[in-house]
Structures are given as structure tokens and as C-alpha cells.
Amino acid sequence: KGTIHLFRKSQRSLVGKLTHEFRLVAADRRSWKILLFGAINLICIGFLLMWCSSTNSIALTAYTYLTIFDLFSLVTCLISYWVMMKKPSPVYSFGFERFEVLAVFASTVLAQLGALFILKESAERFLEQPEIHTGRLLVGTFVALFFNLFTMLSIRNKPFAYVSEAASTSWLQEHVADLSRSICGIIPGLSSIFLPRMNPFVLIDIAGALALCITYMLIEINNYFAVDTASAVAIALMTFGTMYPMSVYSGKVLLQTTPPHVIGQLDKLLREVSTLDGVLEVRNEHFWTLGFGTLAGSVHVRIRRDANEQMVLAHVTNRLYTLVSTLTVQIFKDDWIRPTLSSVPIANNILNLSDHHVIPMPPLKAADNLNPVTSTPAKPSSPPPEFSFNTPGKNMNPVVLLNTQTRPYGLGFNHGSAPYSSVLNQGFGIPGMGATQGFRTGFTNVPSRYGTNARGQPRP
């Protein structure tokens, strides 16, 4: 028997969660207009599909798929309103903006799948062309054209408007732009409509309606039924060419790539950050597109030990926030400290090099204060440094070699080329064979001798 939880909330099903979120969106009056257009769209799609069946026209079917795409765009607009109402949660810490990107990607991919289906059906019709009835062909064309344009121009669809401007131009837009430049050269007043480039959705609606009108006239005049299949292929290719750049752009956003048009600006800002007072290094930077028009990023900044962390954090955030709205900055100080030797009394018997070759020194730090990975002493109050020095023998106690000459500021050492393995194996260093590094000391005016001959005997 399990434990009885008196105040435990009941788990809602997936349908219950979707119903709750739909009620949340429907409570906003701005969504009523979208819901009304969605209902009219469903009615229009039903009539168009019946007319496609009665006329046996695959070109009208391809044009009807554009009306179905309008329904997807209305759903995307509702998702955009829902995203604005939702706040970030522990599960979705960056918010719900990526749902807009996913909706646009799914809509454009489904439109391309519909175009591929039309191409497959058209290939079959080229082998055996059926008879086309033109009774309701022209009526269905104008009904679909009117509703598509009315939907696109009446509702401000922020996700698709952003993608249509940010994505690369389609081949249909490029050809129309070349034609528009020629027309605007004759009539300059049309430059505000045709230039710099037309809306891709409005353009494909007009081009598809023009293809259906040509189909209607050729069938009525010459009973040339194959033109219906050719028009269907043209509409499918225009649909695929228009949706493909948008799918690529939204797919790159889903893959968290850095937008190409902001790479130069980001490099400039990072160079400015690296020149700030106290900043030693900027590394591990990563920037990506979180949603349409929203850039997120993270960066690690290494600063001096005497720098003010809060001041550097404020300056770095102020520089990058102009471009990166969601920013994570990790600041750590350069905590590496060079080890030094403390002064200890020197016994009289160690001045003779023949008696003692090496002088063991007390350990610099406790073993528990040393980081086993790096030679940097670990600090509990600050994160461990992300760098290490490739210093052989870093865990060994240092040794001091004696010198007979009097030095006012410490002892001098030979820097030989003896391998470290000899020191590690024997446990002591032999003067003359070369100590690999010198250590400063506070002893002054200490007579000593250093160096040996080839046989290891002290020099006179």
C-alpha cells in the first residue's frame, strides 16, 4: 500500500494541458481575430477541396495547399501570442521563444512536403492525362486568391514576417526583383511596392493565380488538358523554392548557430572587452540565436587578482548587452602564486660541501592545500584556475645548492641539462649536474661552494 497524499495535485493528461493553454490564449482579445480567420479558413478549405474533386484539376489542388499553409501560419501566430504570455520556468529557463521557431520550421517543411506530393501526382498524370472540367476552376482560383491575400494583409504574423525578411531570397523573388527594376525605371512611383523585394507569400499567391488563369484559358480555347499538370508543377516548384530558405533559416536557429550577420559585431565587442582594465583573457565564448531576434551567449573572463570582480562584470555586461540580450558571464581571478622559501638557521656543519651535497628544505605548503592537478594552491573562496604550468617535479620539495662566493642578494645556481628522472630516482640533486630551476632565498653573506668536477668531487 502506498502513501496517501492529501494535498497532492492530480496529473492532467496531454489533452487537458492543451485545453488549459488554449483557454489561456483565447482569454486575450487579440487572439479572437485569429480564431475567426481560422474558422473561415477551414470553411474555405472544405469548399476548395470539393471543387478540386469536381474539376479534377491538380493545379487547383496545388493552389489549395497554399490555403492550408495559411492555416498553419494562423496557428503559428497563436503560438506567438502564447509565448508572450508565458514566463520562463525552471524547465524552460530561457523562455518559450523556441516554440515559435519550431512552428515556423514545421509549417514550411509541411508546405514543401505538399509540393513534393504534387510533383509525384503530376509525374503520374503526364503518363495518362485525365479530362479537366473548368466549371468551377476559375471560381476556386479567385476565392483562394482573395482569402490568402486578405489573411496575409490583415493579420500581423510576427514570426513569418521576421523570417521572410531575415532569410535569403528565393529564386522567384530574384526574378521578380530584376523585372521590377526594369518597370520602376519606367515608372518610378512603383518602387515603393516592388522594391527592394516583394513579400514572398503575396508573390506566390499572385503567381499561382496567374498560372491557373492561363490554364483556364488554354483549356477553354484548345482543350489542352496537359497545361493543368504543367501549372501544378510550376506552383509546386514556386512553393518549394519559397519555403526552402525559410526552413533553412529556422533550422539554423534550432541548431543554435551564430547568425552570420552578427559575427563581425561580436568580434568587435569581444576585442573591446579584452582591453578593459583588469581583464587578462576572454575565452570559451559561445553565442547563438535563442529565438527570432533574440541572441543568447556565455563567456568566461579571466581577470587580475587585484581587479574588482563586480566592476569588471558590470563593464563586460554593459558592452555585450547591446547585442546579446540573454548573457551569462563567468569571472574568475588569476590565483597563481609563485612559491618562495622561508629563512631558517644554517648549521655550521653544512658549510662543507664534502659532508653534504644537498640541503633539504621544509615543505612550502601543507599537502592538503595543494591542488593535485596543477601547481596552483587551491583556495576555497574562489574557483580553481583553468590553466596549469607544465612544470616537472612540481610535487617535490625544493633543494638549495651551496655556493662559496658571497652574494648580496641570494645564492646563484647553474642551470644544467640533467634530466628530471635522475632527481626523481635518486631523491637528491648533484651540484654541477645541473639543477633545473633556481629558488630565491633570504640568506645573505653565507660562504659556500658550488659545482663539481666530472667525477663529482668538489672544486678547489
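Just so you know, glycine gets a Cβ as well, placed from its N, Cα and C.
Any TrEMBL annotation is an automated prediction that lacks curation.
For 32-51, 63-84, 96-117, 137-155, 201-219, 225-244, the entry in TrEMBL reads transmembrane segment. What TrEMBL lists as domain 'Cation efflux protein transmembrane' is 35-255. Under the heading region 'Disordered', TrEMBL lists 371-392.
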Item to complete: Residue list, the transmembrane segment (225-244) vs rest of chain: Cβ under 8 Å, 6 or more residues beyond ends.
Response: 57-59, 61-63, 65-66, 108-109, 111-112, 114-116, 118-119, 121-122, 125-126, 129-132, 170-173, 200-201, 203-204, 207-208, 211-212, 214-215, 218-219
Discussion item. Same chain only, please: residues at least 6 beyond the ends of the transmembrane segment (63-84) with a C-beta under 8 Å from a C-beta of the stretch. Say none if there are none.
Written reply: 21, 24-25, 28, 30-31, 34-35, 37-38, 41-42, 44-45, 48-49, 52, 95-97, 99-100, 103-104, 106-107, 110-111, 114-115, 118, 140-141, 144, 147-148, 151-152, 155, 157-160, 204-205, 208-209, 212, 235, 239
Response to the item:
Sequence-distant contacts of the transmembrane segment (96-117), meaning Cβ under 8 Å and at least 6 residues beyond its ends, amount to 62, 65-66, 68-69, 72-73, 75-76, 79-80, 82-83, 86, 88, 159-160, 163, 236-237, 239-240, 243-244, 246-247, 250-251, 253-254, 290-292, 294
Worksheet item: Looking only at residues six or more beyond either end of the transmembrane segment (32-51), which have a C-beta under 8 A from one in the stretch?
Response: 26, 60, 64, 67-68, 70-71, 74-75, 77-78, 81, 136-137, 139-140, 143-144, 147, 151, 154-155
Practice prompt. Report, as numbers and ranges, every residue of the chain located at least six residues beyond the transmembrane segment (137-155) whose Cβ falls under 8 Å of a Cβ in that stretch; write 'none' if there are none.
Written response: 33-34, 37, 40-41, 44, 47-48, 51-52, 55, 57, 60, 63-64, 66-67, 70, 73-74, 77, 199, 201-202, 205-206, 208-209, 212-213, 215-216, 219
